[in-house]
Amino acid sequence: HKNISNGNKHSHNNSCVPDWLQGTLLRNGPGMFTLGGTTYNHWFDGMALLHSFTFKDGEVYYRSKFLQSDTYKKNMAANRIIVSEFGTMIYPDPCKNIFSRVFSHLSNAISDFTDNNLINIIQYGKDYYTSSEVNYINQIDPESLQTIGRVNYRNHIALNLATAHPHYDKEGNTYNMGTSIVNLRGPNYVIFKVPAHEVCSIPCRSKYYPSYFHSFGLTENFIIFVEQPFKLDILKLATAYFRGVTWGRCLRFDKEDITLIHLIDRRKGKAVSTKFYTDALVMFHHVNAYEEEQHVVFDIITYKDSKLYDMFYLHNITEDNHFIQTNKTSSRPACQRFILPLNIDKDLSGTNLVKLEGSRASAVQQEDGSVYCTPDTLCEGVELPRINYKFNGKKYRYFYSLKVKWSPCPNKIGKVDVVTRQGLEWTEEDYYPSEPVFVAAPDAKEEDDGVILSSVISQNPEKPPFLLILDAKNLKEIARATISGSVHMDLHGIFIPKKD
């Protein structure tokens, strides 16, 4: 890691970066997997490595630095991995004696998660933080990538877990959502707004198995929360250390169960009374959501099983052919559209309540008043979706994503038109792009007036990594900035425009 963790590398351009593109693309993901003879088991365990690509007057400057989390400092001081992660449980002493620690109560067992925030970079007010899915976030300086300090959500709001995918409104508020596991009334899901106050609390439908969730949806008036039957076994989590089980093994998918869809009124801070539900599914990412003619429309990336996390155990992804053979039976991700009717007459059981013209999704009222939703599949084989965020919560037409085939790394960037269901692709042999980030042109008239930014890597040492700039209209290459040095595959990131 030494050759890339410090220093400001100037990138070489082979064509013109648009003059108007001024600002910094920040990226986050796992970057170190072995230390002093110890190795993580899972790709999502690696120590967080931050990258920045700064666009200034037609030039691109690259910088990377490991997040100086408490986890990183402890591991580096010991010169070995000593802090447990999602897929790697660490035992400080060789004796796995259940009596070697006093097991007092649940909160002690699960409150002290790692602060290795490797998933995303999020904004609260004017500050930027690295985030994963636990109660710790780390504030960073977006220019120098220095770590400023750790923040514990629990000092502000009762949370054990929180998503790395908040939403931002035009007033400058940040909405996020988390799970409070240690609660006298049983676990519940908490939606909160920063500047901090709780918007809404939803009780988990099961006392011991709260739903795992990675993101949620937001429209002008509603928040959409999908309570999927991909569940966290909190009793198993509480005893994981003593039983030699990793946190990742405390998740289970109940394919016989239903998926509940909660629609929360943002103004009232309460869920609507209608019970919306669909078949069992697993989902991580919302694409977008909006309201139209008394319906809430939301698009999500879904799976039919929960094998995605298992795919990324390092022993699975080191060999391409082994990976393909192992995971051919796994579900491919699909972008599915759900439509929830807002005006519901109580006497229409057996009727499809969706009245939007041309819609293929249905919502059929049942005899007990609940509404069973069937989605419309817009396309398949897409993941890590991004939109023009000015259209977040509004009717939109395009999203950008990675195209996923049977390989540990996606090798295509895709653009999907959700109206025509047609798509465009960018690909280059031996190269693997990261999540495509849309940046709108300053004089944009249309939704797709702007560029797509993606950090692109190769496993071939003869092919250097580069920052790719595509025209968002046609996915044609505008420019690339080649980087001298190694760059890791990352997860998520944010573009911060230069302030005038």
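Note: Cβ is positioned from N, Cα and C throughout, glycine not excepted.
The following features are taken from TrEMBL:
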BINDING   His165, His214, His285, His492  Fe cation binding site
Cβ contacts of His285 (Fe cation binding site) (under 8 Å, same chain, 6 or more positions away) = His165, His214, Ser215, Ile300, Ile301, Glu383, Leu384, Pro385
Would you count the other C-beta atoms found within 10 angstroms of the C-beta of His214 (Fe cation binding site) for me?
-> 17
Starting from the Cβ centroid of His165, His214, His285, His492, which together make up the recorded Fe cation site, report each further residue of the same chain whose Cβ lies within 8 Å of that point, ordered by sequence.
-> Ile119, Asn120, Thr163, Ala164, Ser215, Phe284, His286, Leu384
For His492 (Fe cation binding site), the same-chain residues 6+ apart in sequence with C-beta under 8 angstroms from its C-beta are Arg27, Asn28, Gly29, Ile119, Asn120, Ile121, Ala164, His165, Leu384, Glu435
Determine the Cβ neighbour count for His165 (Fe cation binding site): the number of other Cβ atoms within 10 Å of its Cβ.
-> 20
